[in-house]
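> Quick one: the structure is below, and I'll ask about it shortly.
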Amino acid sequence: MMANERVRIGNVQVAKILFDFVNEEVLPDMNIDSDTFWSGAELIIAELSPHRMHEGKCTDITTYKTFLYDIGYLLPQTNDENFQINTINVDNEISAQVAPQLVVPLVDARRCSLHDALYSTDAISDCDSCERTNENNQKRGEKVISFTRKFLDQSIPLTSNFSHTDAIQYSIVNGEVKVRNLFRQIGNQIISCDKGVPHAIVFVHHDLHIEIQIDRKNCRNDIAGIKGVIIESALTTIVDCEDSIAVVDVYDKIQLNRNWLSLMKGNLEARFMKGNKTIVRNRSLLFVRHVGHLLFTDAILNNDNQEIPEGILDALITTLIAVHNLNDRTKDNIKNSHKGSIYIVKPKQHGPVGIMDEECRTTVNRSVCIRESKDRLVFIDTGFLDRTGDEMHTSMEAGSLMQKTQMKDTKWFMAYERNNVEKGLKWGLSGTAQIGKGMWALPDMMAAMIEQKISHLKAGATCAWVPSSTAATLHALHYHQVDVFARQIELIASCSLSNNYLDDLLTIPILRTTLTSEEIQREFDCNAQGILGYVVRWIDLGIGCSKVLDIDNIGSMEDRTTLRISSRLMANWLRHEIITKQQVIQTFQRIIQVVDQQNVDNAEYRSVAINLDQILLFKLHWSLYSMEINNQMDVQNSFYIVDDENSKRDNNKTILVNEFSLGNLFFFG
């Protein structure tokens, strides 16, 4: 079936393959007929799609303000000190429990082995003959056991200050846990165990589960026969339709939604072999994150034969699919939400309804944003890359901006992080909704994460993003070390939740010092390498989020936000003549050879440097760059179909490319 075949429904034209997918795979077994759904979709598209209908300079500020008020972009600022959020039917994983949060992976990290996470990462040092090997390294194993015992001492301590390190046997006698000759009262801690010599004992600490697994027959290296310690890790996962995936056409969009449909019906599962045993993953509580407002899709065309915003299509289809999980016909009665809720993340929102705080306007109107969504709010968070990218975009004409690596030390960024937590606590999110913090993007640096990421909890966050199930397991240790709800009570008591950070938030991060030529080139090299290193994997390999080596060969998890922040800084430095066009060309010519070398062992990688003049990724179109710096418009909406003989699209040998700032140098695929 050709993607250009369409079905007209009123004033819109729907790609027939999308129309058939919804009618044949989604709507059956639902109390919604096809005509009702598609006619409703047509009305939503007509009402919410208009964009740039008032182009041109605004000379009448009164008319302009009236327009912004009329469309709901501006709201009267009130001093309503009494409102609290009133969201009902929120699952405990969001309202009552605090834990790491995964983004993107359709794998489970709800319960993971602490032993495995420690053994396989630098959380345990490789020194003293403790290297990570495929075969069991007994010395490294001993360090893992020692680390785990100390964790148990902190989280489920034994009476009279005895240590789990000295335990030689765990047993159950008269409903109590017996460790050596010591008795530990059950209280509300232990929730499940076998009688006698147990195979497993499950404890609860800070409302998170810790399972001690026992196998004395096969675990002779452990004096107490502990086979492993399983800890509850990522309670919630955001399944992404946005920055971290590569969805370029209606075929990809349908496959993405088919995966979401299988998750909501409960018939998609992940299996893998561990030794000679098949492991079937369990489930986290799932959110779904939609595409932001910057992208459009030809899956549906409007009355003017124009593409519609992809975020509207996501809202229509993913929500419809999620209704499946609210009925009783899912496989094995699997429920994503036991409270009958659907959890959606809408990114790139500008105030007054922004919840993910990624844009300047949302930041300075945070309280209004929360108030407008007070009856359905379950999640707020911050994000360094997107928010910094918008800060650069907003302040493009203000002057030369400081280096990307310095942004976290600025007034606006520190105020941004504090403002999010304090406004969330002020308006009643504690115990009802998540207050989130950003991603740890260095998956190979778990020891550093263990040392540093605890600061998110101390700042009052109830969840923070991690790049993998292993990282979730290790970050989960922090939630046993910090009683987050108690910490939030301390924050409420110790600081004024009426702090006005507006002046700090509006402090533009102008470069205050004169950089040396070496510092300028170093910053430019880092940004160029990050962009090219990511894009060659995205466009050529179709990988939306992956570990990309930086200029120092350190792996970092990257997605489209890498392009947003790095390209904006480059555009700013070009605009204010810190760098020149010739430097841009020379830098990318040099850095692309570094990227080639970093991918030399990847059989699917196509060298860019050897065909530099012909490579799509390297064509500079400065007219698009001029649009960015002269008109102050976000140019992320320019789409082109580009011939590519090596494209994975066998039907028409094309790929969809979204051009990013700074000319056609930076692409979205």
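Residue positions begin at 1 at the first shown residue.
For all residues, glycine too, the Cβ spot is worked out from N, Cα and C.
Straight from TrEMBL, here's the annotation block:
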- Arg289: active site, proton acceptor (ACT_SITE)
- Asp559: active site, proton donor (ACT_SITE)
- 137-180: domain 'Malate synthase G alpha-beta insertion' (DOMAIN)
- 286-352: domain 'Malate synthase TIM barrel' (DOMAIN)
- 353-507: domain 'Malate synthase TIM barrel' (DOMAIN)
- 519-600: domain 'Malate synthase C-terminal' (DOMAIN)
> Where, among 286-352, 353-507, 519-600, do we find the most CB pairs under 8 A to the domain 'Malate synthase G alpha-beta insertion' (137-180)?
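Of the candidates 286-352, 353-507, 519-600, 353-507 scores highest.
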> Reduced to three states, what secondary structure does DSSP give the residue listed as 'active site, proton acceptor'?
strand
> Using a 10 Å cut-off, grab the number of neighbouring Cβ atoms around the Cβ of the residue listed as 'active site, proton donor', all chains included.
25
> If I restrict to non-local contacts, at least six residues apart, and a C-beta distance under 8 angstroms, what lies near the residue listed as 'active site, proton acceptor' in its own chain?
Val103, Ile238, Val239, Asp240, Cys241, Glu242, Ile344, Val345, Lys346, Pro347
> Pull the DSSP breakdown for the domain 'Malate synthase C-terminal' (519-600) and write it out as helix, strand, coil residue counts.
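When I sort the residues of the domain 'Malate synthase C-terminal' (519-600) into the three classes, I find 56 helix, 8 strand, 18 coil.
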